[in-house]
Each structure stands twice: as C-alpha cells, then as structure tokens.
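Trainee: Got these off Swiss-Prot a minute ago, pasting:
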{"type": "ACT_SITE", "residues": "Tyr100", "note": "active site, proton donor/acceptor"}
{"type": "BINDING", "residues": "Asn252, Gln340, Arg346, Asn376, Lys448, Glu476, Asn479", "note": "(E)-cinnamate binding site"}
{"type": "MOD_RES", "residues": "Ser195", "note": "2,3-didehydroalanine (Ser)"}
Amino acid sequence: MDCENKNVVLGNGLCMQKDPLNWGMAAEALTGSHLDEVKRMVAEFRKPMVQLGGETLTVSQVAAIAAGSVKVELAESARAGVKASSDWVMESMNKGTDSYGVTTGFGATSHRRTKQGGALQKELIRFLNAGIFGSGNDSSNILPHSATRAAMLVRINTLLQGYSGIRFEILEAITKFLNQNITPCLPLRGTITASGDLVPLSYIAGLLTGRPNSKAVGPTGENLTAAEAFKLAGVDGGFFELQPKEGLALVNGTAVGSGMASMVLFETNILAVLAEVMSAIFAEVMQGKPEFTDHLTHKLKHHPGQIEAAAIMEHILDGSSYVKAAEKQHEMDPLQKPKQDRYALRTSPQWLGPQIEVIRSSTKMIEREINSVNDNPLIDVSRNKAIHGGNFQGTPIGVSMDNTRLAIAAIGKLMFAQFSELVNDFYNNGLPSNLSGGRNPSLDYGFKGAEIAMASYCSELQFLGNPVTNHVQSAEQHNQDVNSLGLISSRKTAEAVEILKLMSTTFLVGLCQAVDLRHLEENLKSTVKNTVSQVAKKVLTMGVNGELHPSRFCELDLLRVVDREYIFAYIDDPCSATYPLMQKLRQVLVEHALKNGETEKNLSTSIFQKIAAFEDELKALLPKEVESARAVVESGNPAIPNRIKECRSYPLYKFIREELGTVYLTGEKVTSPGEEFDKVFTAMSKGEIIDPLLACLESWNGAPLPIA
C-alpha cells in the first residue's frame, strides 16, 4: 500500500510518520554553521515586527521584544482556533462536564467542586498573587521589565494555538500592552516553573482583571494603576471578567522561565562567537603558532563545535601580519619559546567547541519550548475532550539553562587563563608585566587591578556553574513533588551572562592594549637596532689612524642581540648595566675580542679597547632616540604602522579604539582601566559589538581551509 505526504511504508504494510518522535526535526535544526545561525538571529532581532502565529517564534524575536523596540502583530488566522477552544469550554461548562480548573479546585485540592466558574478563576488569581515586591524605590524583588515583556510574548504565542480555552480579545489586550510599552510588575521570585510560572503570571492576569494590588510601568518608567494602564494602552471595554478556564490559561505556562531563557541565549550565542575571535586575537598578540587550528587535527576529533571554532580561528589567523612576523621570529630563534603553546591557546578550539554545541542545543530546546502548548488541561476541540497532562513542567528550561550556565562558566575559565598569560611577562613572549604601557614600570602597574577583578569574576562565574535543578523541593501538598526550577535557573544564567560580559570586556581591552604594545615594541626595536648599528659603524669600523678595525665584524652579532632580546625587558632604562641589552652587547664584543688572537695584544687593533667607547656612545645616543621614537608613536605618526590594520581582527580593534574612544593605558595618564572597561561594557550590553565582531568573519566561507 502507498502512504501519503510525510508517511512511509513499513515492512508489515503499516504507515507511520517519517519523524514521529521529532528527533529528525531536532537534528535538522542543527544543520549549518553556528555562525550562520548567529547571523540569522541578529537579522531577526533587528526586524521591526514580530508576527505571532503560535509555532514559529524564535529566541531572537523574544529578545527583540524584551528590548522594547519591536512591535507585535497577531496572525488573524489563529482567531478561529482560539475562539473554538474558548467556546468549547463554555459549552462544556453549560453541559455540566467536570473539568479540572473549570469546575474543580486546583492541584492537591482538585477534589473540590464548584459551578461558579468565573468566581473560581478570580480566586485562582487572588491566591497566586503571593509574590513580594518590597516598598518604595527598591526594585530588587521585581522581575526586570524586559523579562516580563518576554514572558508576555511567549504566553501569547502559546495561547494562540487554540488549545487553552481563552478569548482572543485577552490576547489582543496583552499585545496592546506590549506595543504601547506598558509592563505589569511581576515578582522576581516565587515560581518553581511547574505547574508553570504560576505566581508571576498571575500578576499579568491581575492587571487584566483590574486587581487593586496590580501595578504596571509605562513607556517612560512611570508607575501606573490598572485603570491607567488600560487607558494608555487603548484597551476598551474595561477590565476582563474571566470566564471559566481563562485564569488557568493565563497562569499555567512556562513563559516567564522560557522568556528569560530566550533573552539569555541570544546574548550567549554572540558571546560564544566573541570568545572564538578573541582567542584568535590572543594567539596573534602572544605570537602563537597557528598550527593549532590545522583542520586535520579537528577533523580527526569529529566534534562539529570544535571544528567550527578552529576554522573561525584559522580564518582570523590566515594571512595575519602578526602570524607572519612570529613565524620569522620562531625561525630565527626556535629555542626562545616552548615548541608548543600553552593549553589556553593551543586547545582553545577543543575547549570552546563543546560549549558552543551545548549553547546551540539549548537554544533549540528553548525555541521548541516557546512554541509549545503548556496548559493543563489541553482543550482538544476535534476530539471533544479536555486532556489532563503535564506540559506545564518546565524541565527543558531548567536543564537547558543549567547546561548553558556551565558552558558560560567554561568559556569564562578559558578567558581567565588566557588573560592571566597575557599579563604575565613570564609567559607573554615579550610583553611587559601587567601590560604596563608607560615609561617607568615602577610607577605603572597596568592591568594588575584588572587581573584581580578577573579572578573575582571567574570565581563567581564558576560558582554559578553549579546546577539549580538538583535543588528541587516537593511543593503544594506534595502534588508538585518534582518541579523544574526553570525560572530560577534562567535567572542564574542571566547573572552568568552579565559576568561573562564583564570578563569579555576586560579581556578585549587587554587585547587592544597588547596590540598597541606590540606596535610600540616594533617601533622601539627598530629604533634600538638603527641606533646600535649607527654606533657600531661609528665606533667599531675604523681604528685611530683611519684603518679598518677588527671590531667592524661585530655589528651583525650585535644586531642579533637586539632581535632576540625582549624590548620591554630593558627599554625603560636601555643602557642600564643591570638590564640584559648592555650586558649581552658587551658579551658579543668580549667574545669577538677573545677570538681576536694575537692582534688583541696590540692596542690599535684591540676590540677590548673599543668596548668603553662603544658603550659611552650608545649611552649618549640611545635614551634620546628611544624617547623620540615613543613620542612619535604617541603622536600618531609612527615610522612603522600598526600591524593590526592588516589583520582580519582589525574591525574589532577599530571599534574599541576609534568608535568607543578607548585609550592606550599608562600610569602617566589619569584615566583608569575601569573607565575604559565601562565604555566597552556599555556598548556590549547595547549590542553594539555585534557588527564589528561579525565584520571580522565577513569573508569566511563557512569551511576550514583545505588540508594542503
């Protein structure tokens, strides 16, 4: 026999759906690159309108509504289905059918019965208004208004599917509140997200029904009564008198937890891409070896998150001016640094990849949740029955948020390890300790305070990585004996996102400081080389009588010393006898003198006799030349341009330095690190970092470089 549409024929002749368990749908949702998905999310976030139909809502659309600048439109095609379920409830009530939450009590007391359906809904809202707000201007116990907007949107989307027994007019009223930026005040705490987010959602119902304790906030932050909110939103006809089942329809859902989870995941996905790009910039400024991104390594590991993370880093590093310079340095002196970079650099794709897979999977889980019907009972008009189940159990939220938070903690841990290497002159391949940018390291401690702050952020973030969902308490007379704690987990993940933004901000400013230090290093090294060469030619080439002197052969080895020595190890006092430059330049001259043989005994051909003159001339000239080179770099007209301009990571650097106006930090300036961090953190929180971040990857074709 043949099967129609999406069915398949089994061996026994029966027909079944191709994907009856939705595993195929879940797998298909993860096709394509994570970066492409982030780009899609950003594009959706920026659209001016969200049309709700019940089944196509996305995380980015929820985040956009939460941000407050987007309008909502209800699909007119949903009206008939919503009305049908509402009518069914009323007809069922009139026939005397016994239905949970319509004629019965609630939860563990559902053995009670009543025929006063409207009064029952009113009592439901009253007893669920159990939240605590505090008094005065204290907002610490109020759910953020952005999260409330997200919850309102998700709840409308669920109710639009026509299984909930609620009037379309109520959904239109909530939509008007959203579009006029009028937000009910919901308590921050008090829900276990099973049976849904009962307590917070009851305050949306309280506003709709005009409860005297209901409060709202207007477009400019003004406090509104229910009557003022209705008038300002243009909701006509007065407060709603809830019909049977309508109160339950409003409160019996997971919208608060999944709404906040959507907001969290929108930011988390972007921060994950930022972590990939910053890891590549870290490799650039640390003079890392790019082979850690080689596709064969990651192909043999098979994990898609790792393969993509490596490919993104490979793209940033491919053709990087820093990588080219580092390769020359490694060839010149292969023993100057370890054969392999440390784990925070070399294994960053292996570390970030699984976190990205978790974040992506969680995003899809939440997208399924915000398009789910979470009521109990469900009204199945087609079969003329109410189905009692447990879709209000928000386990997908609790689990996905716990997993996401652990992934965020892992990203933060990597960031801290990378930052710790960056500021430590034992590990950072020639950058100054603390990334100090001034002339006198004894009066410039650079990012030392920032490193302490990063340790604090990382510790708190690791604590937040602990799960919420293993702290379930049996509730409501042991009826709700297992519950998801979805909103609690979402809230903790929102905290984790804020901390990761603090860490990302600090690290990003540190990377820009390192870029500028590499630029200064290159200019100063060129100046030192030119000066040493100039002095060598002047002092070492000729003897006292104008004859060629044996010391003329020392110049090449002297310049090799300059090439090999880390500039910031001596540049604050370049001619100090206790610093490595003068010591090693003298060592070169001594070694040449020892090889000079018998001619060394002759004062006119002695290289030893030239050492004092060479050092005196260098001391007279080098400090002035170094200061002049610094001044030229600071004036913005350096002899050697900043390599970052030749790199794919430049858009991010340009944004931080030019558009946000952050400065190169030194102890010579009044500006503190925290002032610059604030500029970046504010921009990051506004989403302004997205475009320069994506610009770094604009030319990536979505695949690793071919294995040559």
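Quick reminder: no glycine exception, Cβ is built from N, Cα and C everywhere.
What you are looking at is a predicted structure, and each value in this text was computed from that prediction instead of being measured.
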Trainee: How long is the line from the C-alpha of Asn376 ((E)-cinnamate binding site) to the C-alpha of the residue listed as 'active site, proton donor/acceptor', rounded to the nearest angstrom?
Mentor: 8
Trainee: Using Cα coordinates, what distance in whole Å links Arg346 ((E)-cinnamate binding site) and Ser195 (2,3-didehydroalanine (Ser))?
Mentor: 47
Trainee: Counting across all protein chains present, how many other Cβ atoms fall within 10 Å of the Cβ of the residue listed as 'active site, proton donor/acceptor'?
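Mentor: Its Cβ shell of radius 10 Å holds 16 other Cβ atoms.
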Trainee: Going along the chain, which residues six or more apart from Glu476 ((E)-cinnamate binding site) have their CB under 8 A from its CB?
Mentor: Gly107, Ala108, Ser195
Trainee: Round to a whole number and give the Cα-to-Cα distance in Å for the pair Tyr100 (active site, proton donor/acceptor) and Gln340 ((E)-cinnamate binding site).
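Mentor: Checking the Cα atoms of Tyr100 (active site, proton donor/acceptor) and Gln340 ((E)-cinnamate binding site) gives a distance of 66 Å.
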Trainee: Max Cα-Cα distance in Å among Asn252, Gln340, Arg346, Asn376, Lys448, Glu476, Asn479, the residues listed as binding (E)-cinnamate?
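Mentor: Between the most distant Cα atoms of the (E)-cinnamate site, 58 Å.
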Trainee: Is it possible to get the count of other C-beta atoms within 10 angstroms of the C-beta of Ser195 (2,3-didehydroalanine (Ser))?
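Mentor: Result for Ser195 (2,3-didehydroalanine (Ser)): 27 other Cβ atoms within 10 Å.
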Trainee: Given a 10 Å Cβ-Cβ cut-off, pick out the one of the binding-site residues Arg346, Lys448 that has the most other Cβ atoms nearby.
Mentor: Arg346
Trainee: Inside 10 Å of the Cβ of Asn376 ((E)-cinnamate binding site), count up the other Cβ atoms and send me the figure.
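Mentor: Summing over all protein chains shown, Asn376 ((E)-cinnamate binding site) has 21 other Cβ atoms within 10 Å.
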Trainee: May I ask you to report the DSSP-based helix, strand or coil state of Asn376 ((E)-cinnamate binding site)?
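Mentor: It is coil.
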Trainee: Tell me the Cβ contacts of Gln340 ((E)-cinnamate binding site) under 8 Å, same chain only and six or more apart in sequence, or just say none.
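Mentor: Residues satisfying the criterion: Lys289, Arg346.
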Trainee: Where does Tyr100 (active site, proton donor/acceptor) sit by DSSP, helix, strand or coil?
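Mentor: The three-state answer is coil.
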Trainee: Quick one: of Asn252, Asn479, which of the binding-site residues has the smallest count of other CB atoms within 10 A?
Mentor: Asn479
